[in-house]
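What follows is a set of notes on a single structure, which appears directly below.
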Amino acid sequence: MKQLKPNSKYLLFGQALSFMGDYCVLPALLILSTYYHDYWVTSGVIAVRSIPMVFQPFLGVLVDRLDRVKIMLWTDVIRGVIFLGLTFLPKGEYPLLFLALLFVSYGSGVFFNPARLAVMSSLEADIKNINTLFAKATTISIIVGAAAGGLFLLGGSVELAVAFNGVTYLVSAFFISRIKLQYVPIQSENVREAFQSFKEGLKEIKTNAFVLNAMFTMITMALLWGVVYSYFPIVSRFLGDGEIGNFILTFCIGFGGFIGAALVSKWGFNNNKGLMYFTVLSIVSLALFLFTPIFAVSVIAAILFFIAMEYGEVLAKVKVQENAANQIQGRIFSVAEASIGLCIAVGSMLINIVDAAVIMAFIVLLVSGLFLHTKLVNKSFSERNNESEQIHL
């Protein structure tokens, strides 16, 4: 940390606080949505949070033409003001206004990540350090944010958690305003070329079995994430009034992810052992989460689920990085980002359409299909490695 330059420190501090607020407010928003007594509003919270991701791949065109630091600054200011404004909205009233404000906030937020990545690329020697520190800060921020939200709820009201998120955005904006980088506009590709890049990413996914499997993994996990998020308020009811349960379950995201990241090297890549762990954990943890009436069991199930999801996420990214040309990887991940946002939204809507048994049956079929496809791809990977070794001999 001491070796980081001032610009890197400001970016890291701002993002750590902002991420902490994000996971403090997520359960708070799910709690507020239950006051509308309509699960479509709960699903709507998840949908407006994820749908803007669909447009993120095409925003690089604008980001390259504007001052990236100012984009980050004003994005955080807008988000901070909106979340502070949400605290004045009466509970259970004006559902469309509630969702519209969230959509504007998360919609503006999709400009932030491309700008942040572009700023990080300007940090020169600090790039590796800040990426490593940011990865570590992510899981810690989730845990601290969820814990802070729980304390706010116990100490006063759920609105405090929402206000806390607004404050973290404004503090993040303060740190970002101190970043001193010379603005150099870049004449990047136009919108038509951006769509062409997107199509090239789709083509690579269709023709490369390894990349297709990575994509299959990512959209499957996104659907599962949407389902789990939508059930947070229901599962939380098994713990007293249920409100604090949302924060405990959000804590599980960070805790499970932390364990999952640590297990990646032990479970391995492109082997059937890791695949079996991922498949069994995904199905068993979701079954427990959806059907058990015991909150303690739900917490254990949530931790196991997020362990599996962290492992799957790392596996999918590495599969793309190892099996696709470097110049095409950005386009593949652009398609992935758009698909993930859409699939999280779809997964969150299932609770309003079919019951838990049908959702579980669908998940079993989907994960089983992923298991079979991955096993075939792993076999191809093993055969390819054996052929490569024989050539070198």
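Counting begins at 1 with the first residue displayed.
Every residue, even glycine, has its Cβ placed from backbone N, Cα and C.
Listed features, source Swiss-Prot:
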{"type": "TRANSMEM", "residues": "11-31", "note": "transmembrane segment"}
{"type": "TRANSMEM", "residues": "43-63", "note": "transmembrane segment"}
{"type": "TRANSMEM", "residues": "69-89", "note": "transmembrane segment"}
{"type": "TRANSMEM", "residues": "92-112", "note": "transmembrane segment"}
{"type": "TRANSMEM", "residues": "133-155", "note": "transmembrane segment"}
{"type": "TRANSMEM", "residues": "160-177", "note": "transmembrane segment"}
{"type": "TRANSMEM", "residues": "215-235", "note": "transmembrane segment"}
{"type": "TRANSMEM", "residues": "244-264", "note": "transmembrane segment"}
{"type": "TRANSMEM", "residues": "287-307", "note": "transmembrane segment"}
{"type": "TRANSMEM", "residues": "353-373", "note": "transmembrane segment"}
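Within the chain carrying the transmembrane segment (160-177), a Cβ under 8 angstroms from the stretch's Cβ atoms is held by residues 10-11, 13-15, 17-18, 20-22, 24-25, 27-29, 32, 69, 72-73, 76-77, 79-84, 86-87, 148-149, 152-153, 247, all 6 or more beyond its ends.
Of the candidate ranges 92-112, 215-235, 287-307, 287-307 contributes the most Cβ pairs within a distance under 8 Å of the transmembrane segment (244-264). Below 8 A, the CB atoms of the transmembrane segment (215-235) and the transmembrane segment (353-373) form 3+ pairs separated by six or more positions in the chain. Against the transmembrane segment (133-155), stretch 11-31 has more CB pairs under 8 A than any other of 11-31, 92-112, 353-373. For the transmembrane segment (92-112), same-chain residues at least 6 beyond its ends with a Cβ under 8 Å from one of its own Cβ atoms are 29, 32-33, 35-38, 41, 44-45, 48-49, 51-53, 55-56, 59, 62-63, 71-72, 75-76, 78-79, 82-83, 85-86. Non-local neighbours of the transmembrane segment (353-373) in the same chain are 213, 216-217, 220, 223-224, 227, 275, 279, 282-283, 286-287, 290-291; each lies 6+ residues outside the stretch with a CB under 8 Å from one of its CB atoms.
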